[in-house]
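Quick notes on the structure that follows.
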Amino acid sequence: MTERPTTYVDIILPLPLNSLFTYSIPEPLTEAVKSGVRVIVPFGKQKMMVGLAVRIHDKEPEFKVKDITRVLDTTPIVTEDQLRMWNWIADYYMSPIGEVFNAALPAGLKAEDGFRPKTETYVTLPENLRHEQALHIAFGMLKRALAQLKTFNTYLTLSHWDTIVGDCTDEPVVEVTKDELINESHATAGVMKQLLDKKMLVTYEKEVGRLNCGGVPQLDNVKRLSAAQQEAYNNILFQFLKKNVVLLRGVTSSGKTEIYIHLIKQALERHEQVLYLLPEIALTVQIRQRLQKVFGDRLGIYHSKYSDAERVEIWKKQLSDSPYDVILGARSAVLLPFSKLGLVIIDEEHETSFKQQDPAPRYHARSVAIMLAHQHGAKTLLGSATPSAESWHNAETGKYGLVELDVRYKGIEMPEIKVVDVKDMQRRKMMYGPISPLLLETMKKALDNGEQVILFQNRRGFAPMVECRTCGWVPKCENCDVSLTFHKNMNMLTCHYCGFTYSVPKKCPNCEGEDLRPYGYGTEKIEEKIMELFPNVPVARMDLDTTRSRNAYERIINDFSAGRTKILIGTQMVSKGLDFDHVRVVGILNADSMLNVPDFRAYEHAFTMMSQVAGRAGRKGDRGLVILQTKDVEQPIIEQVVTNNWRAFYSQLMAERRLFHYPPFYRLIYVYLKHKDDDRVNTAAIEMGGRLRQWLGARVLGPDKPAVSKVRTFFIRKIMLKLEPGIDMKRVRQCLLLAQRQMEQDKRYSSLQIYYDVDPS
Ligand code: ADP
Ligand code: ZN
Ligand code: ZN
């Protein structure tokens with residue numbers, strides 16, 4: 001046997017580091033190592049890590065390297081296309097490749113033992129309790145155990161056993177997992193155990209992670225397009241002949257989704273794959289139901305509320321010979337492998353949740369999706385009633401094709417929007433807490449008619465603040481520079497930045513005063529107020545706190561859809577894309593909270609959010625009515641929302657953006673510096689700002705303290721870069737990375753962290 005030169009392999013490890021790691025390949029493994037397979041390597045003193053092989057070569061490194069230990073895959077689990085995309089993301093968003101790897105792969109593929117089919121624990125009523133009388137006896141037994149009774153009752157509500165009279169059926173109407181019940185009822189482990197010990201509830205295991213069977217595809221099950229829709233559809237196809245990206249601006253309820261369905265069908269007929277991106281997991285519930293009717297089991301769903309096992313299965317299926325033809329998902333679905341992608345649809349393209357905030361990579365799924373489409377020679381359709389400034393600009397300048405649809409399906413009128421002057425109402429002491437007399441009146445009328453109501457408040461929790469009425473003291477988080485939100489249900493103060501919880505102080509630590517009061521309205525308090533005003537109307541709340549468990553979205557949305565609940569209260573989750581037939585009235589409780597945000601996009605966000613939530617009203621039948629409550633009726637934006645005059649809004653917005661050098665005319669990069677020591681981060685930021693200014697001049701602004709200048713015990717500073725069109729971005733990135741390296745090598749700034757937010761939104 002002839003001696004072979006040692007071969008080496010460069011590996012991505014899931015670490016926040018910019019470099020690849022080189023290892024040698026022991027002889028017996030030479031055949032097995034390929035680009036895209038996972039390998040196990042020794043790292044540090046004793047640790048083993050799973051990494052991804054990306055490049056095999058025989059260039060001997062200058063330092064001593066170790067052998068890889070094992071190869072986990074026989075075929076690549078990451079395609080060459082994906083690797084190219086990861087590199088693009090790492091480069092463009094200035095994020096270490098290890099973090100891109102971390103974000104892209106489901107956890108099950110990053111762990112050594114891989115994934116096993118997972119089971120989940122469900123709870124149900126034991127057979128002997130499945131009868132109305134038996135249930136009454138059970139209640140009697142729990143009379144003294146209030147926490148258990150509450151949890152038991154929550155179970156009955158969730159499973160809909162409570163709607164059954166007489167003998168119960170064999171199975172609960174809705175299956176409930178143990179986790180979901182614990183989440184919904186805030187039960188402690190002890191309470192749960194007591195209920196199980198007493199045999200009030202029993203558990204059973206069910207394997208999850210079997211991919212959903214969506215049924216037989218019925219491609220002819222598409223709705224017939226209206227004349228206006230057909231014209232838009234034809235126009236989109238026509239634009240695709242010339243442009244790779246087309247923006248469909250269609251008013252809310254114009255039937256954009258139906259047009260997408262027709263386009264997907266057409267792509268499948270060409271044997272191409274489709275990626276359909278949504279900004280919000282809540283939305284996947286309804287859209288899935290609509291798509292499944294047509295595409296059956298050719299449709300796969302992918303988002304972060306899916307179990308890891310399921311995500312691993314979908315990933316592997318997409319690598320197989322029979323991948324899903326249509327993938328419906330939230331942001332992270334752009335990172336899946338695709339083999340024959342033909343069309344990407346980005347619904348509600350203006351939504352900022354397409355941008356990942358924390359942790360890195362801080363990528364914008366819209367930009368990545370357009371890159372992905374480009375990579376595959378596929379087309380991209382952006383859809384929105386209120387396009388982002390960026391996309392609108394691209395459409396106006398002819399970079400993207402533009403198709404407009406200005407009528408609602410069936411010619412239903414856009415909702416009427418009435419403005420309430422909250423300041424005036426408060427002065428005249430006419431407000432019912434957060435509800436104006438007009439809103440109350442309108443709600444009553446709609447409910448009497450058997451119609452439904454959506455109330456929108458962009459704050460979760462009970463009260464955004466607690467305040468000492470004697471001295472004005474406000475409890476703040478110890479780790480972050482923010483006031484704490486009061487959650488009445490849990491009787492806790494929580495920090496929405498670091499998640500820390502605190503008990504509510506009995507006395508003010510500042511003045512010993514005992515009059516501590518919640519201040520302001522969160523969704524939880526609104527819910528309480530509404531239940532007081534409408535004691536007999538079933539109410540549901542949809543916000544981050546009520547949707548922690550896997551099935552919560554589905555239940556809340558299906559209950560509201562079926563009319564089991566009549567009033568839906570929620571945060572921005574209720575503002576996007578949902579389609580309900582019987583919502584007559586939408587209340588926007590506090591428009592000002594969206595406007596008083598220190599961000600150059602605040603107005604754009606407020607306008608789109610208000611227009612979107614208004615768009616939930618009156619989608620079928622009679623004209624919808626929106627009650628918009630504000631303390632500042634004079635602001636021009638209110639008038640623009642009321643008249644649905646987005647053209648006026650955009651031309652003003654664009655003029656301002658152009659004048660003040662903001663996107664879409666200039667690019668922004670935020671540089672963040674983080675350290676546990678406030679003085680140190682301050683000096684570091686000033687120094688780094690100075691260095692950057694030497695190279696990039698007046699494009700560099702700051703440093704400044706961001707609105708929240710301390711998070712999780714780290715003090716933060718922000719430097720802003722405003723970059724004119726045509727600037728050499730490569731050079732800008734090099735300057736930044738060089739400055740970063742110089743700062744990191746400076747001993748005074750040890751453990752300083754520097755990271756970037758490119759194209760912040
Ligand atoms: P958008 O996505 O523009 O907000 P949707 O696609 O959700 O609008 O359409 C609004 C409602 O009208 C939905 O309930 C949808 O099923 C219905 N609809 C739209 N177009 C058609 C059509 N061509 N045939 C039947 N129903 C339609
Ligand atoms: Zn006080
Ligand atoms: Zn905190």
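Cβ atoms are placed via backbone N, Cα and C, with glycine included.
According to TrEMBL, the protein has these features:
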BINDING   C468, C471, C508, C511  Zn(2+) 1 binding site
BINDING   C477, C480, C495, C498  Zn(2+) 2 binding site
DOMAIN    237-405  domain 'Helicase ATP-binding'
DOMAIN    503-657  domain 'Helicase C-terminal'
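This view paints the features noted in TrEMBL onto the structure.
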| residue | record | Cβ neighbours (10 Å) |
| --- | --- | --- |
| C468 | Zn(2+) 1 binding site | 21 |
| C471 | Zn(2+) 1 binding site | 13 |
| C477 | Zn(2+) 2 binding site | 25 |
| C480 | Zn(2+) 2 binding site | 22 |
| C495 | Zn(2+) 2 binding site | 21 |
| C498 | Zn(2+) 2 binding site | 16 |
| C508 | Zn(2+) 1 binding site | 21 |
| C511 | Zn(2+) 1 binding site | 13 |
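Not one of the binding-site residues C468, C471, C508, C511 places a Cβ under 6 Å from an atom of ligand 3. The Zn(2+) 2 site is set by C477, C480, C495, C498; from the centre of their CB atoms, other residues of the chain with a CB within 8 Å are E478, N479, V482, L484, H496, Y497, G499, F500, V711, R712. Here the domain 'Helicase C-terminal' (503-657) returns a mean pLDDT of 91 for the predicted model.
In this structure the alpha carbons, written CA, of C495 (Zn(2+) 2 binding site) and C508 (Zn(2+) 1 binding site) are 18 Å apart.
Cα to Cα, C508 (Zn(2+) 1 binding site) and C477 (Zn(2+) 2 binding site) are separated by 15 Å. Only C468, C471, C508 of the binding-site residues listed as C468, C471, C480, C498, C508 bring a Cβ under 6 Å of any atom of ligand 2; the order follows the sequence. Apart from the site residues C468, C471, C508, C511, the chain places the Cβ of R469, T470, G472, W473, P509, N510, E512, G513, L516 no farther than 8 Å from the centroid of the site's Cβ atoms, the recorded Zn(2+) 1 location. When the C-alpha distances from C480 (Zn(2+) 2 binding site) to the binding-site residues C468, C471, C511 are tabulated, the minimum falls on C468. Rounded to a whole number, the C-alpha distance linking C477 (Zn(2+) 2 binding site) with C468 (Zn(2+) 1 binding site) is 16 angstrom. A Cα-Cα distance of 27 Å separates C471 (Zn(2+) 1 binding site) from C498 (Zn(2+) 2 binding site).
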